[in-house]
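Database features (TrEMBL):
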TRANSMEM  46-67  transmembrane segment
TRANSMEM  87-108  transmembrane segment
TRANSMEM  163-181  transmembrane segment
TRANSMEM  193-217  transmembrane segment
DOMAIN    259-286  domain '4Fe-4S ferredoxin-type'
TRANSMEM  337-355  transmembrane segment
Amino acid sequence: MTEEELLHAETFRDRVSSVSAAGKRNWIYAFKPSGKFYRYRNIVSYIYLIVFFAMPFIRINGNPFFLINVIDSKFILFGKIFWPQDFFIFAVGMISFIVFIVLFTVIYGRLFCGWTCPQTVFLEFVFRKIEWWIEGSASRQKTLHDGPWTMEKIWKKGIKHTLFLIVSFLIAHTFLAYIIGVHEVTKIIGEPLSQHIALLAGLIVFTLLFYGVFAFVREIVCTTICPYGRLQGVMFDKDTMQISYDYKRGEERGKYKRNEPRTNGDCIDCKKCVVVCPTGIDIRDGVQMDCVGCTACIDACDEVMDKVGFPKGLIRYASENQITNGTPFQFNTKMKAYTVLLFVLLSAMTVMIITRKTVDTYISRVSGQLFQEMEGDKISNLFDAKIINKTNKDFAVELRIEDLQGEIKLVGAQEFMLKKEAINEFTFFLELPKTEIHNRSNKISIGVYHDGKKIQTLKTKFLGPFM
Ligand code: SF4
Ligand code: SF4
């Protein structure tokens, strides 16, 4: 390669494929892929979309399967309600998730981006399919876009953008169902809009946001906005599996001439792998952050290899070491360390979920109150109790003083009746005979019982007179 060719070959590092030399948006008209990987990704995306739209309707023991109600600080996972008090489980869950993502990325590169990221699934398997269906192939789309505003252009663009808005509206509703629950969404739909102006405004904002992302911003989300995408460079190493061009086999590239002995490498420079790329890059330039691992170039190249009679896999899943040295996949020290950390975090999270209490009780002496002298040589302290019932059933609990003679007298209620999915508040007197009080501040244990079984032990202090 001459010095000039070498410089030219490296220019891909200085530019973003979605921005032209003049600084304008370079619209990417990606050709529709076809092939083994595209078929598999179709199946994955259909399952994904079914799960995404159906999940808000799935209920376990009357609770949604999954709900993130940030408005009321109520979170439901696998039908189990989590409260802000369970936040540490979420924190461990989030850390485990991040470690999982890092570990996964170190080993498998951007497999998540190409196969299961919502941005890719919705863009490639919903919005782009609508576009291909209405406006035709990538070259037809470009011709239509560059041409004058004819009736055909007006109605095609009109229908496409109307459908984009409808799908965005549906996604926004589903998104809302993940926040407030599908029952609440259907209830709101049946009520006058004037009663839900804030929610309506939120729905409009999210609909326009999704529409803007999928109709206009598109691959820029993956190449520029998404923090996960930007971090790839830190997580990849030479053993990371990624979509790679086998330059050893492909170079020096050269046009294919039938019935002539081939003196070049296997790449026939047809650029099919480039025109099919949704981020507009040339994978033959090497590993790039803009590659979302969508496999479209593998399918395109395999089809070409098939046609010219060369073996498939000129572009394939492979690590840099595999391509350069022909070494097999290695589970290196970094991968092992991440796996151990992930295992520890997942175990901790499993233990926390299994041992998580369904009733959480907090008691404290009423502020400003010391103690009261009662008839019968007794002393009482006034307490506040907050009892969180995390289940979806109402039930009563009993509070008993442990190890001491004494009584708990509820104020304004007959029993500690807990409403489902609620923080229940009570006030009660704790009475002890003076013979049980030996100090100014006395340690005391209170047991919380349900159906005769102790579910929690509380430690508190009981104030007595100066001795
Ligand atoms: S280089 Fe290949 S795998 Fe990467 S985004 Fe482009 S088409 Fe997809
Ligand atoms: S599709 Fe395959 S043969 Fe064609 S340019 Fe890309 S790498 Fe070369």
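Numbering starts at 1 and runs along the chain as it is shown here.
Note: Cβ is positioned from N, Cα and C throughout, glycine not excepted.
Of the recorded ranges 87-108, 163-181, 193-217, the transmembrane segment (46-67) has the largest number of C-beta contacts under 8 angstroms with 163-181. When Cβ distances are compared across the two stretches, the transmembrane segment (337-355) makes no contact with the transmembrane segment (163-181), since fewer than 3 pairs at least 6 residues apart fall below 8 angstroms. If you take every residue in the domain '4Fe-4S ferredoxin-type' (259-286) and average the pLDDT, you get 92. With DSSP classes pooled into helix, strand and coil, the tally for the domain '4Fe-4S ferredoxin-type' (259-286) is 7 helix, 0 strand, 21 coil.
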